């Protein structure tokens with residue numbers, strides 16, 4: 001594998017997608033860019049002491065470091081990037097490990113080898129969220145990819161047995177939250193299998209739904225979150241992957257590298273979550289991206305605690321398959337009050353899936369890098 005650690009050009013290749021193809025070229029359609037991606041591989045794994053699972057679950061994360069603050073932060077060095085992308089794995093029996101990683105760029109031809117207290121408002125003006133009712137919507141794609149965590153957050157199905165969510169939903173930066181050892185993922189389904197007792201199909205009332213729960217086998221959390229939660233670098237790594245004990249048998253949404261905001265269709269993002277002010281309801285929303293940094297998307301989508309961990313997605317044209325495709329390009333993290341030219345302004349924040357994060361998450365899902373070369 002190629003790459004000279006610490007070399008500035010090498011670092012630039014790691015942090016920026018390699019060989020990006022213009023998303024538009026001769027096509028009028030907003031098209032998924034083609035990327036040649038870096039590789040994130042485990043180098044060593046060692047056992048850690050069992051955690052105490054003593055943290056209180058937080059349904060949102062706040063930070064005072066806004067877009068300008070993040071834009072002024074230096075890019076991580078190669079060694080720092082390796083530290084941030086190293087990760088902890090928690091197993092259902094309470095044991096855990098730490099895995100240190102290496103980061104590489106493949107040579108051509110190698111790819112075929114194996115502050116002040118404020119009341120936080122997350123509703124901006126008129127509440128533009130939509131509660132999704134009826135099994136014809138809730139049980140069909142893309143809404144069916146949204147699931148509920150037993151800790152109170154939202155997650156998104158990204159593979160046959162995997163759920164993407166926010167790290168703070170299971171870990172507070174110091175230890176795991178209460179209930180994580182017996183973490184479950186809930187799938188909405190009709191309350192009545194045969195329809196008896198359910199609302200009549202012509203009724204104006206929404207059909208009653210319930211959650212069916214599946215236990216989690218193991219979780220992965222990047223060390224960038226665990227090491228950095230005490231400062232503002234942590235929010236850049238507020239994501240986690242959950243592996244279920246059995247397949248969920250539903251259609252899932254693939255992850256993708258987040259394009260620049262100006263390349264998103266209409267500059268807009270979408271996500272659905274289980275906001276805690278509408279218990280039992282799946283809530284969908286969309287809005288424009290207001291600002292961005294390399295790791296974060298700043299927007300003012302209406303959201304409440306409980307929506308944290310929702311997969312942020314867009315729909316773009318897939319040139320190779322000649323079809324439209326939705327992909328998860330970020331994870332909804334939480335809320336920020338920031339000072340903009342001396343005036344307070346608030347944003348909702350999503351963690352972008354960068355090329356390095358894509359390589360890491362994809363490896364967690366696939367278990368190899370060969371299947372993780374297309375973002």
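A Cβ is built for glycine as well, from the same backbone N, Cα and C atoms used for every other residue.
Remember, predicted model here, so these are calculated numbers, not experimental data.
Scan Swiss-Prot for N-linked glycosylation site across 199, 341 and the hit is 199. When the C-alpha distances from residue 153 (disulfide bond) to the recorded positions 93, 168, 308 are tabulated, the minimum falls on 308. In this structure, the C-alpha atom of residue 169 (disulfide bond) lies 19 angstrom from that of residue 93 (N-linked glycosylation site).
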